[in-house]
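Written out below as structure tokens is the structure these notes cover.
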Amino acid sequence: MTVQTFIPNGAKAASENTVTQPTHTTDVSIKKLYIETQGCQMNEYDSHRMADLLGDSHGYVLTNNPNEADILLMNTCSIREKAQEKVFSELGRWRKLKEQNPDLVIGVGGCVASQEGDNIQKRAPYVDMIFGPQTLHRLPQMLDQHHAQVEKPKKEKIKLVDISFPDIEKFDFLPEPRVEGFKAFVSIMEGCSKYCSFCVVPYTRGEEVSRPLDDVLAEIAGLAEKGVREISLLGQNVNGYRGETFEGGICTFPELLRLVAEIPGIGRLRYTTSHPLEFSDELIQCYEDLPQMVSHLHLPVQSGSNDVLKAMKRNHTIDVYIDKIAKLRKIRPDMHLSSDFIIGFPGETDENFAETLQFIKDLDFDHSYSFVYSKRPGTPASDLPDTTPEHVKKERLAQVQQVIKQSSIEKTDAMLGKIERVLIEKVSDQDPNILVGTADNTRLVTFVGDASWIGRFAEIEITEIKTLNLVYGELLNLEPDVA
């Protein structure tokens, strides 16, 4: 099996002009759609697909202004209690807009929608549609149903709530994705089957289901043809991908990476979010074999204490995690590592936290998504006794974030004098002679160059550190277009 099977006929290098920008409008005669996205990159991807879907089916175009929208959609996150309460706070503001414009349609999707269902309408009865992550492709039909029953008496109206977990069918009904620059997210699987004791994802997005291999490769090949040069593969447990092949076999995540790397035009590969249990030797080998793999990895560990990991039901030890990172850094010594940390998990002792803090220092993390533990209803951890005072949890969190911030500063400073491979993305807003791009480690890199280089990769020597995430440099080599 080769990747050529999945590349559209006539695929070729795309010029800068093939990359379309987001469609926004101020024309009052055009139907307008506003989407608020909360949470993870999966939600970002889903929101883009909602816009594609309603644009294709009903002619809606995106607006940045909710006050001028005909439809307001909220793509929600339930990973933490604060995020969930933010949903109803924002809906309260949207209620005022609906009072001013009774024809305004309000829809709630994402994980809070999946978790709460029609309870959302009980608390916010002005919400017209509720849909889950796996049913967003049914939005056009739900919208039609809404308009068809607008004039009906309230008692005759059907509640428009669809939060089911059908087989991974939504991708069969989504239009071709719109391209917005030289980077793109591609969702390759949905859900998670790990059932960590703190996590709502298996309950809000369902069990792990992988997209068929040919669907994934065809989407990526189509994006490459339109000028996309960097692909980020998405999934709640992305390295657990097990996609069915057209021959009836199963493609693993490392095998998928190797096939994607063969697609003309794709010069850089990222992925998120992964689980340590399935961060295999085969996956690590891809970092040695595939130059498209970036030297940046987000691998959530959640805690540096084995006792806490056991309570979290992570099913691995700290030594397992350390061993995998050691193997990876033997291949890529410059690997930048980020992770997730939950601080103040029920039962976390001072000793447990000290272990976590030392672990963070030892592994030299570049970045983290770190939060104080938030109890989520229906999860096993919600029944655990929690005796740690909130102020102690916040103090611990501050220590973690300070250690990681200092490590990040040091890693940025260490870039001085080094050569970075940069994807050139745009002209600077401040100076038309300055180009802006992204390094493997996600830092923004600016340098003097020509706008015709946009969309290509370049080797840049870093000459000045400006901020934590911004560096200056000089061009050493402009790579040919990778298409």
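The backbone N, Cα and C atoms fix where each Cβ goes, glycine too.
Taken verbatim from Swiss-Prot:
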type	residues	note
DOMAIN	31-148	domain 'MTTase N-terminal'
BINDING	CYS40, CYS77, CYS111	[4Fe-4S] cluster 1 binding site
DOMAIN	178-410	domain 'Radical SAM core'
BINDING	CYS192, CYS196, CYS199	[4Fe-4S] cluster 2 binding site
DOMAIN	413-477	domain 'TRAM'
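Residues GLN38, GLY39, MET42, ASN43, THR76, SER78, ILE79, ALA83, GLY110, VAL112, THR204 surround the recorded [4Fe-4S] cluster 1 site, their Cβ atoms falling within 8 Å of the Cβ centroid of CYS40, CYS77, CYS111, which are themselves excluded. Across the domain 'TRAM' (413-477), DSSP helix (H, G, I), strand (E, B) and coil residues number 4 helix, 39 strand, 22 coil. In the three-state DSSP assignment, the secondary structure recorded for CYS40 ([4Fe-4S] cluster 1 binding site) is coil. CYS192 ([4Fe-4S] cluster 2 binding site) is surrounded by 23 other CB atoms, counting those within 10 A of its CB over all protein chains shown. Note: the [4Fe-4S] cluster 2 site is recorded as CYS192, CYS196, CYS199; in the same chain, LYS194, TYR195, PHE198, VAL200, VAL201, PRO202, GLN236 also have Cβ atoms within 8 Å of that site's Cβ centroid. Summary: among the binding-site residues (CYS111, CYS196), the fewest other C-beta atoms within 10 A of the C-beta are counted at CYS196.
CYS111 ([4Fe-4S] cluster 1 binding site) and CYS196 ([4Fe-4S] cluster 2 binding site) are 17 Å apart (CA-CA, integer value). In sequence order, GLN38, GLY39, CYS40, ASN43, ALA83, GLN84, GLY110, CYS111, VAL112 are the residues near CYS77 ([4Fe-4S] cluster 1 binding site), counting only same-chain partners six or more apart with C-beta under 8 A. Its Cβ placed at the centre, CYS40 ([4Fe-4S] cluster 1 binding site) has 19 other Cβ atoms within 10 Å. When secondary structure is read from DSSP and collapsed to three states, CYS111 ([4Fe-4S] cluster 1 binding site) falls in the helix class. Within 10 Å of the C-beta atom of CYS199 ([4Fe-4S] cluster 2 binding site) sit 21 other C-beta atoms, taking all shown protein chains into account. Secondary structure of the domain 'MTTase N-terminal' (31-148) per DSSP, as helix, strand and coil residue counts: 66 helix, 22 strand, 30 coil.
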